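Working notes, structure below.
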Amino acid sequence: MYLDGVKLGDVQATISGVFTAAFFLFISQARPLPTLSAERPHPNIFCFYVFLSLMGQFAIHLLFLMSSVKSAEKYMPDECIEPDSEFHPNLVNTVSYMVSMMLQLATFAVNYIGHPFNQSITESKPFLYALLAASGFFTVITSDLFRGLNDWLKLVPLPPELRNKLLIWAVLMFVSCYTWERLLKWAFPGRIPAWKKHHQRLAAANVEKKKNV
């Protein structure tokens, strides 16, 4: 994409950076649950769960990006843009920015680990509001609801067909990543230590004894 002259404007990069900083800030403020879970997280990143999660989401993100850019190129006139040339608004740059915003949002939302270790997204209000603000921002600029805002961001108007495709593909991308991540968590659950299982069996046995008495 760099060789094709795809770039972000200064304001675009600033807005994207603000959202990224907000996501990191509010994730760090999420509180752990008061009760320690019997389940343990995966001990290291070199495991099937992390590898499959990374590769699956990467494939979905890449498909979304390539499909969106290829669709935008169909509406672009043939022109030669030098990689080192200055940024100028065009359809491919606009679509690339919108896609990058949605990928950024999906990455944080899908990979956030809440229960049974930390607060869920709905319980972590600042992080939830940041995600809602980012999704609302993406919807507004993609739908071109405020032309003045898009002009300030140096985003060109999208053809209606491309705009509808982008919105639908964004939803499908998010749902696919979320489903893939939940499927992997079901297939590769965190391990419960042997001593914890033993304590759970003893507790269950004591409950049964009390019921019988």
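Every residue number used here counts from 1 along the chain in the order it is shown.
Glycine residues also receive a Cβ, built from the backbone N, Cα and C atoms like all the rest.
Annotated transmembrane segment per TrEMBL: 12-33 (among others), in sequence order.
Beyond the ends of the transmembrane segment (45-66), by six or more residues, the same chain brings 96, 99, 102-103, 106-107, 110-111, 169-170, 173, 176-177, 180-181, 184-185, 187-188 to within a C-beta distance below 8 angstroms of the stretch. Sequence annotations record features per position, and here TrEMBL assigns transmembrane segment to 45-66 (among others).
What TrEMBL lists as transmembrane segment is 95-114 (among others).
Positions annotated as transmembrane segment by TrEMBL: 126-146 (among others).
Using a Cβ-Cβ cut-off under 8 Å and counting only residues 6 or more beyond its ends in the same chain, the transmembrane segment (166-184) has close neighbours at 49, 52-53, 56-57, 60-61, 63-64, 67-68, 71, 95, 98-99, 102-103, 105-106, 109-111, 138-139, 142-143, 158. The transmembrane segment annotation in TrEMBL covers 166-184 (among others).
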What else in the chain is close to the transmembrane segment (126-146), if you only count residues 6 or more beyond its ends and a Cβ gap under 8 Å?
-> 15, 19, 22-23, 25-27, 29-30, 98, 101-102, 104-105, 108-109, 112, 153, 155, 157-158, 163, 166-167, 170
